[in-house]
């Protein structure tokens, strides 16, 4: 009897937790309508027009229309519902989705990565071994060994991933063009619209597109609150119109749910029917967003929104359009707008235009995100990333990419002036990304989930289905599909060249790194005057001393008495916890006062500069010095390597150094150690850059606590004095040139240079050599 109250309490706790999770998922499902489903839900604007363009003009019969709807229904059921909702959404990487996430998972569970700066310590990150717990295999599979052994196959895998990323960037060009052009085309419809000419409609579409891209810098959070209601209102509208058309025009359309009508469709249309699959696949464009945007939601919320609302509304809308067209075959070119009952035409037109803008906004935001992720993998040139929200994580804006997308989108809109031709490019881009996702998923099933290869073979049935659609889309390359190929090729070449050049540069620096024997021969003074202060030397090397340092030592008359080699690197995980970010070690014996700091970020991490980096770094080095004294395995003696072991340093509840805010009084230690000119310059810099104002603090040794070793105390005091004297950021511009005998292509690829670290460094403290 005593257990009953405890049991009742436990049941009540589980019940409250269940309802809490349910309410959270319902809220996320509501928000996902505006971010994930804007693109997919606006497809009815142009699908039937694209299917019946071209060779199907002579086969426009009720049976063919029934067959076209049956194809759309089974395509929506097999790919978005069965493949993505039930299977692919389970292959997340710490909650993140998309092709980059799948590649990251593969690189952690097999040696597929080509990045040269990976370390064993990275495998100890809490997010590194994410995934279903499987018993470790006694030996790796022959397929895994084969792929790991051949570098060309690993390079091919990277190229496939870059192709997928490039197609997503291409979507960022094509989606706004086709969505906005299709929405405003309602003004051309004879009898119900304003019956505007092609030029006027195109001009209006361009104005909407320019406005869409011009507002990107404000951030999507300003208007995100209205995104979900717009898409929900749109789904309700198209569902209601679909029900009306089914009841009013042809209720027998429900028979077309049978795949028997697909057979009749191909029997009547033959090869022309196969080519029309390029139009059918437009009904699932935007499906990849369910997986790519997984990080902002949960798998359950996305599944709930699609299965309970988006899927049934789309099926009913396509069914209603088919019912209308079976009785009004001549209306195919403007099937969506002509199927709208006249009293509700204008409200639906306004909602359609707003929904197309929402769908375009989602893919533009996704393009910014994919560019940022590719940059983190070392596959994209440095770009300026602006954070548009302090509250919503991951909301970024990239000015250069935004204006490139706008110019390309306007060129596509003005150049084609026809949504059917743009649709050919759109369909090819989307089905290519889906096909690549299927291929990567088969590898994930085998290597990450550690399932039998037969499961991967079964999953590849989706690849066969998508291959049929892809073959039809490829046949449309001369009629507009070439745009997708051209855009993807350009972006993929840029990304691969950057990745290749970055790897070559890293390997060159690694091969030519400074010899520790040479440094030891110079002695603790390094053969120059060591002046008070801290020098942060930025390098891409995660091990060793960069070759640029020998240039400093031999050409500069003096150097700081505390040197920290800082390496900012990305690891193949989406996020790195703040307490795991800093990896601290020592270079050379204690008397040299030389340290190494590796700052680790995931491919989805945002490098924010809150002005506290210096203070965190000093505190982390102090923690390392204290830890090294009590853990001998971290220390370096005369008989061991002088490039000591690295340790993950996190802020403790009782830190080694106490911190107090620095008051800028004339008598303070910091102020007295700097010239008045330097004080004035730093003050001007802070006034000009208020968003990254640095917190001025003073470090002190704790007045109470355990007795500290004398050598440790001296080293900590010297660190504090160096911090008070000032911190300088030192970046070396190293340039790698190809050999004269190299091919022209290799010269183009390798002759890149400049610092690869993009940080918010105060110019007043920056030394560039």
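Any Cβ shown, glycine's included, is placed from N, Cα and C.
Nobody curates TrEMBL annotations by hand; they come from automatic prediction.
Quick look at what TrEMBL lists:
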- 28-519: domain 'K+ potassium transporter integral membrane' (DOMAIN)
- 532-747: domain 'K+ potassium transporter C-terminal' (DOMAIN)
- 64-86: transmembrane segment (TRANSMEM)
- 155-184: transmembrane segment (TRANSMEM)
- 196-216: transmembrane segment (TRANSMEM)
- 223-247: transmembrane segment (TRANSMEM)
- 274-292: transmembrane segment (TRANSMEM)
- 304-324: transmembrane segment (TRANSMEM)
- 344-371: transmembrane segment (TRANSMEM)
- 392-414: transmembrane segment (TRANSMEM)
- 426-449: transmembrane segment (TRANSMEM)
- 456-475: transmembrane segment (TRANSMEM)
- 481-498: transmembrane segment (TRANSMEM)
- 518-538: transmembrane segment (TRANSMEM)
Problem set entry | Surrounding residues of the transmembrane segment (344-371) on its own chain - C-beta under 8 Å, 6+ positions past either end | 34-36, 38-42, 45, 98, 100, 165, 168-169, 171-172, 175-176, 179-180, 182-184, 186-187, 192-193, 208, 212-213, 216, 220, 223, 227, 230-231, 233-234, 237, 241, 286, 289, 292-293, 337, 380, 383, 394-398, 401-402, 405
Exercise. Considering pairs 6 or more residues apart, do the transmembrane segment (196-216) and the transmembrane segment (392-414) have at least three CB pairs under 8 Å?
Worked result: yes
Seminar exercise, completed: Tertiary contacts of the transmembrane segment (274-292), defined by C-beta under 8 angstroms and 6+ residue spacing from its ends, are 35-41, 43-44, 46-56, 68, 71-72, 75-76, 79-80, 84-85, 88-89, 97-98, 168, 175, 266, 302, 306, 314, 318, 359, 362-363, 366, 369-370, 423-424, 426-428, 430-431, 433-434, 437, 468-469, 472-473, 475-476, 481
Exercise. Would the transmembrane segment (392-414) count as touching the transmembrane segment (456-475), i.e. at least 3 C-beta pairs under 8 angstroms with sequence separation of 6+?
Worked result: no
Exercise. What else in the chain is close to the transmembrane segment (64-86), if you only count residues 6 or more beyond its ends and a Cβ gap under 8 Å?
Worked result: 40, 47-48, 51-52, 56, 253, 255-262, 264-266, 268-269, 273, 276-277, 280-281, 283-284, 287, 290-291, 302-303, 306-307, 311, 314-315, 318-319, 321-322, 325-326, 329, 434, 438, 462, 465-466, 469
Exercise. Residues of the same chain, at least six outside the transmembrane segment (223-247), with any C-beta under 8 angstroms of its C-beta?
Worked result: 30-35, 37-38, 41-42, 44, 253-254, 309-310, 312-314, 316-321, 323-324, 339-341, 344, 347-348, 351-352, 354-355, 358, 361, 392
